[in-house]
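Working notes, structure below.
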Amino acid sequence: MDPDLFLRKVSTLQAGFRGFLVRRQFQSLRAEYEAIVQEIEGDLSTLQWTGGWIPKPVFLPEAKSHQSWKAEKISNPEQKLWSHSPHKDSEKELIWEEMVQKKTEKSPANPGSLCRDDSAWPQAEQGRKASQGNSQDTSVSKMENADLGLSQSQQELQEQRNHLAMELLWLQQAINSRKEYLILKQTLRSPEASQTRDKHRGQAYEKTSLHSSCVLDNQSYRDRIIGESHHAEDSSHKGRLKPQKHPDSVTSAGKTTAGSKGRELCYRNSASQLPAALESQAGGDRVTKGPDHGGQPFKETSLQQLKVLEDQIPGDLKFRSPCSRKAETQLPTLSENQNIEDRYSRKPSRSAGPCDLNILEGHMIWDETLAGQEQGSLDLIRTKPPKSQPPSAGSSGHGNTSELSPEGWKNRGILQWR
């Protein structure tokens, strides 16, 4: 056999087998493709295959296909209904005509009844047509619901209604929450809201600053009162104890400086209690003092004041006052020694406001009084006799002090220091 002929026959056989296998494979592919389209679309009405030996899938427009499918579905029930309805209508018409004829035969002499029957017939006909239309509408709606896969039972419809109501409620709540969020965001970004926030912050800061300033003012007021009382007491005692540089008073100066240092420490501890005690004593004097007692209440308050000061001073720092106990009891008429007065001449103190110091002829008379019934401080007044009177006019041989006017005795008690 010729080898060329053999090769041609073998090649044609192989081509036939290859064509068969390819066609078979394409058929399997078409079946798989149609199965996928059926699963997705639910119908193969929109799919068409075009081409010769190798077909190609083509999809028709979806809107047209859907409308045509719906029209077919709707037209078929109508045709069925209309196909059944003519026979029924004809039968009903025949029955109605027979009934009318029977009535006319039974009562031919009553033409009014015939008129009434004739008028009732069109009304019945209209009602029959309306009922037929309603039945057709309901049948069409049922068919559409069946095509769409909707349930027809009452329970399923109620469940669907509840489900739709819950979805609508959820949507409404979501819309309301979104609106509230946007409104809040807008108000926070607006300048008016920032101004109100700054205003509230400023008011809160003013309240806190006012409260702190009130506390600081009260504290500074208390410190100032205590400091003034300390300063007045220290200045008065320094004025009493500071002598002039005289050869006879060198030894007493050291004692007075040591005593003044000790008293400063003690007065700082007792200063907080001293103004209250003086005020209470002044109030008691205000109540008990009569018009005829003179300077007796002031004398008692001066003694009580000295006792309070001595009690507050420790024993090792107590200042030995040059004034004796006898001089304290005999406050209005204390003796005066002229030599000692010359030794204890004092300079006026700048810090002691109520102290008035005057120097005349070496006679030094110290009056320790209360500055007022509301003031809890000591008033040191240095008095001098007029020039027309001799220095010893108002004093005895034992050194008694010069007597003041009765008004002076009523207003102050005099404490004479030697």
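Numbering starts at 1 and runs along the chain as displayed.
Placement of Cβ uses the backbone N, Cα and C atoms for every residue, glycine included.
Features of the protein shown, as given by Swiss-Prot:
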- 6-35: domain 'IQ' (DOMAIN)
- 101-142: region 'Disordered' (REGION)
- 129-142: compositional bias 'Polar residues' (COMPBIAS)
- 141-176: coiled coil (COILED)
- 230-264: region 'Disordered' (REGION)
- 249-259: compositional bias 'Polar residues' (COMPBIAS)
- 280-299: region 'Disordered' (REGION)
- 327-355: region 'Disordered' (REGION)
- 376-418: region 'Disordered' (REGION)
- 390-404: compositional bias 'Polar residues' (COMPBIAS)
Inset, instruction - Residue list, the domain 'IQ' (6-35) vs rest of chain: Cβ under 8 Å, 6 or more residues beyond ends. - result: 44, 47, 49, 54-55, 57
Inset, instruction - Averaged across the domain 'IQ' (6-35), what pLDDT does the model get? Just tell me the whole number, please. - result: 89
Inset, instruction - Could you give me the DSSP helix, strand and coil counts for the domain 'IQ' (6-35)? - result: 30 helix, 0 strand, 0 coil
